[in-house]
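Q: Found this in Swiss-Prot, in case it helps:
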- 25: N6-succinyllysine (MOD_RES)
- 45: N6-succinyllysine (MOD_RES)
- 92: active site, acyl-thioester intermediate (ACT_SITE)
- 119: phosphothreonine (MOD_RES)
- 121: phosphoserine (MOD_RES)
- 127: phosphotyrosine (MOD_RES)
- 136: phosphothreonine (MOD_RES)
- 137: N6-succinyllysine (MOD_RES)
- 137: N6-acetyllysine (MOD_RES)
- 140: phosphoserine (MOD_RES)
- 143: N6-succinyllysine (MOD_RES)
- 143: N6-acetyllysine (MOD_RES)
- 171: N6-succinyllysine (MOD_RES)
- 171: N6-acetyllysine (MOD_RES)
- 191: N6-acetyllysine (MOD_RES)
- 209: N6-succinyllysine (MOD_RES)
- 211: N6-succinyllysine (MOD_RES)
- 212: N6-succinyllysine (MOD_RES)
- 214: N6-succinyllysine (MOD_RES)
- 224, 227, 251: CoA binding site (BINDING)
- 234: N6-succinyllysine (MOD_RES)
- 234: N6-acetyllysine (MOD_RES)
- 240: N6-succinyllysine (MOD_RES)
- 241: N6-acetyllysine (MOD_RES)
- 269: N6-acetyllysine (MOD_RES)
- 270: N6-acetyllysine (MOD_RES)
- 305: N6-acetyllysine (MOD_RES)
- 310: phosphoserine (MOD_RES)
- 312: N6-succinyllysine (MOD_RES)
- 312: N6-acetyllysine (MOD_RES)
- 333: phosphoserine (MOD_RES)
- 340: N6-acetyllysine (MOD_RES)
- 375: N6-acetyllysine (MOD_RES)
- 382: active site, proton donor/acceptor (ACT_SITE)
């Protein structure tokens, strides 16, 4: 076994994902985490008093209280004030990283039960004004900086993140048509799964205010199931003339959160938890920042090697859909079986709230693996700046 101790998922929940400026825009990332965490504690019958550690992933600290995020989540859901909390940032891998950190704490016996999670309110990313703190001269041309937009450029390689996907399209000879067809597949798979109720077990509904009054939100808002290939083909490339990346085949800017509670084998027995899955192993890898989207390839390969498993052993595979050409490059590099990869759609359909996607993918794999009667699954994400992360789980059903 890749881990030093048995570590089990005893609850896994996520909020519905809201569209940019949509139904969740007035909730902070902390609020969204609170919803997911409360749902996970309830679903797993986990008393807040039994939680030894809180670890939350978050990328854009977009609210005024964001620096306290993990701590406030723990306190809000009733976890004792003596229990420590940690907010982490491994960009798009932050939700996965919270689980990695939690496993590490359990393996070295610093904790027995850990509330992990990831969250993002991209809608609340502020505009900022730099250089004014210490005074400005008369006539200064003060610029507003969009903190969300500028963060989507890797300044080290001077490339918008989407251009790293364009680089992969060139390298792997991926066409615009292939990207649009894949985007359509993501939307269609999401619709089929949503219509069949496959997301129900992972979903933590939220009460939201609308023009019609308060309503319960329990469906991802960003998805566009009515999308057609013809509509996708009409969209202009955004970052490169004759490029492949469009608004229709890239992941959606979104708001949302997930929570995954993990526990040691000893804690499962002591508290009579119902284990949903075992954490088999994980791996984090670096890669060339100019093709950062290829990160899941070394990450998945490394995780499988550590666990003594192969892709053929996996019943489900999830690769976060940052961009269609990025996903397709990973698919080709690993020779993925499309019948068991991103089976219910991905971030192109339902959105990618940066810190929240790893938790969403993990929660989905936990429940989907059980629903299908499968054994192993691997979830992964590329990471801005040139990294990849992967986590392997085994169903206990």
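Any Cβ shown, glycine's included, is placed from N, Cα and C.
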Q: Find the shortest Cα-Cα separation between residue 143 (N6-succinyllysine) and the recorded positions 119, 269, 382, and name the residue that gives it.
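A: For residue 143 (N6-succinyllysine), the closest Cα among 119, 269, 382 is found at 119.
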Q: Among the modified residues 191, 305, 310, report those whose Cα falls within 10 Å of that of residue 224 (CoA binding site); none is a fine answer.
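A: Correct set: 191.
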Q: Any same-chain residues 6+ apart from residue 136 (phosphothreonine) with CB under 8 Å of its CB? Would you list them in sequence order, or say none?
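A: Result: 142.
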Q: DSSP secondary structure for residue 269 (N6-acetyllysine), reduced to helix/strand/coil, please.
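A: It is helical.
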Q: Apart from 224, 227, 251, which residues in this chain have a Cβ no more than 8 Å from the mean position of the Cβ atoms of those residues at the CoA site?
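A: Neighbours found: 183, 186, 187, 222, 223, 248, 252, 348, 349.
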Q: Give the maximum pairwise CA distance in Å, whole number, for the residues 224, 227, 251 listed as binding CoA.
A: 15
Q: Looking only at Cβ atoms, how many others are within 10 Å of the one on residue 270 (N6-acetyllysine)?
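A: I get 13 for this one.
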Q: Which residues of the same chain, at least 6 positions away in sequence, have a Cβ lying under 8 Å from the Cβ of residue 212 (N6-succinyllysine)?
A: none
Q: What kind of secondary structure is residue 121 (phosphoserine) part of, going by DSSP in three states?
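A: Its secondary structure by DSSP: strand.
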